[in-house]
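Sequence annotations record features per position, and here TrEMBL assigns active site, proton donor/acceptor to Asp171. Among the features that TrEMBL reports, Mg(2+) binding site is placed at Asn8, Glu406. Feature annotation from TrEMBL assigns ATP binding site to Lys15, His231, Leu232, Gly233, Ala234, Gly235, Asp306, Met307, Arg308, Gly353, Ile354, Gly355, Glu356, Asn357. Residues or ranges marked as substrate binding site by TrEMBL: Arg114. TrEMBL lists His203, Arg264 with the feature site 'Transition state stabilizer'.
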Amino acid sequence: MAKTMAVNAGSSSLKFQLLDMPAERVIAQGVIERIGMDDAIVTIKYGVSIASENAVDHLEDDEHITLSKDGKGKKYENVLAIKDHQQAINFMLQKLTDLGIIADFNEITGVGHRVVAGGEWFNHSVVVTDDVLTKIDRLADYAPLHNPANAMGIRAFQKLLPHALSVAVFDTSFHQTMPEENYLYSLPYEYYTRYGARKYGAHGTSHRYVSARAAQLLGKDLKDLKLITLHLGAGASITAVQGGKSIDTSMGFSPLAGLTMATRSGDVDTSLVYYIQEREGLSNEEMTNILNKKSGLLGISTISSDMRDLLDVQDTHDHAKLAVNIFVNRVVKYVGQYVAEMGGVDAIVFTAGIGENSIPVRKMIVDKLGYFGITLDEEANNVRGDEVEISTKDSRVKALLIPTNEELMIARDVEALK
Ligand code: ADP
């Protein structure tokens, strides 16, 4: 069976998942953090049944293999100097071989790469060619922290696995179906034509996966459904999916727009940004940093960007409570907008860190949406990370919990392009 790797390359990290396709079975997954440092961390998780007898069992000093609590999985860990992505990937592939997870590099026949910005050039996943790589480089203007790292990952894999099909899967492409009135800002039109100043959205692979899965769970054709997908993680966005197409989404030109996030502000009146900048004497770079790294749940609560911490202390900490309330309020507002835009909704779908795991946040949100015919089944909602309907049987609008699976979506796109 063909093995496909789904890759998410960041500036100093690289996450991967290795899947057997088309069986869609995860064979191994892992992450290399702190690339470029003397103490980079490599973690690889894999099933106990996978490592074959010829797997190398000799480990260096800093290498460890531990068994998971349920006895079904193993975790390989190592701390070592890794100078760049090329070395990181080479090490990871060599380790997969040493551990008996793959027999040799050639077993990996496809590699799918998450790419953050696809602009208007990419409305679906594509096989990487020289032209595609050039475009990903040029789109770095839209995602300066991400696209260069994504491109670096692609080039490094191409060198090490020249025979494998290389595919780019864009965070923005699902949203390319938005109509003009939704993606354009009310700015002079020439900025759109000159600079591509418009809404692109993000988390597209996640919204695409959970909307398709929702249709399966509801036993309906995606074409006949109006869905609102709530990707609530550290980064958070909401999408209106009508007939399987994204028609509006809460992130904008960049992932700063929309909801209140862990450390990102979400929507703010732009003139307020200039006002604060002037009063505080902040440079553009400093202000951008505040909006991206010091705002959101962290900025309001003053104590943490993590929803778990805020829920733990909200009864005794006013700012923590306020941050939770503002988070919920923004979600409810966007859902309301999208119900209005689509002229109704059949189901809302919760996913990502907060959406999948926070029972109280899901309850707060659904309780506020009762007005359009959605009722929470409190017992069904009392779960973390399951795939389950959390609205009551007689709820006119359904609420679903669907753990996202961007890696699977990436691997499927690789398969489809083979
Ligand atoms: P991202 O991929 O955007 O980094 P995730 O989707 O992994 O983020 O979500 C991470 C966030 O999920 C954490 O910051 C935390 O706030 C939230 N989270 C995880 N588990 C829980 C939980 N049990 N209750 C509330 N929030 C949770």
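Positions of Cβ are set from backbone N, Cα and C atoms, glycine also.
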Given the ATP binding site residues Lys15, His231, Leu232, Gly233, Ala234, Gly235, Asp306, Met307, Arg308, Gly353, Ile354, Gly355, Glu356, Asn357 in the record, what is the largest Cα to Cα distance, rounded to whole Å?
24
How many Å lie between the Cα of Asp306 (ATP binding site) and the Cα of Glu406 (Mg(2+) binding site)?
22
The residue listed as 'active site, proton donor/acceptor', number of other Cβ atoms within 10 Å:
26
Which three-state DSSP class does the residue listed as 'active site, proton donor/acceptor' fall into?
coil
Cα-Cα distance linking Lys15 (ATP binding site) and Arg114 (substrate binding site), given in Å to the nearest integer:
10
Cα within 10 Å of Asp171 (active site, proton donor/acceptor): which of the recorded positions Lys15, His203, Ala234, Arg264, Ile354 qualify?
His203
Near ligand 1, which of the binding-site residues Arg114, Leu232, Ala234, Arg308, Glu356, Glu406 are found, taking a Cβ distance under 6 A to any of its atoms?
Ala234, Arg308
Looking at the recorded positions Lys15, His203, Leu232, Arg264, Ile354, which has the shortest Cα distance to Glu406 (Mg(2+) binding site)?
His203
Rounded to a whole angstrom, what is the C-alpha distance between Arg264 (site 'Transition state stabilizer') and Asn8 (Mg(2+) binding site)?
21
Among Leu232, Ala234, all listed as binding-site residues, which has the most CB atoms within 10 Å of its CB?
Leu232
Cα separation, His203 (site 'Transition state stabilizer') to Arg308 (ATP binding site) (Å, whole number):
22
What three-state secondary structure does DSSP assign to Asp306 (ATP binding site)?
coil
Relative to the Cβ of Asn8 (Mg(2+) binding site), which residues of the same chain, six or more apart in sequence, are found under 8 Å away?
Leu14, Lys15, Phe16, His113, Arg114, Glu406
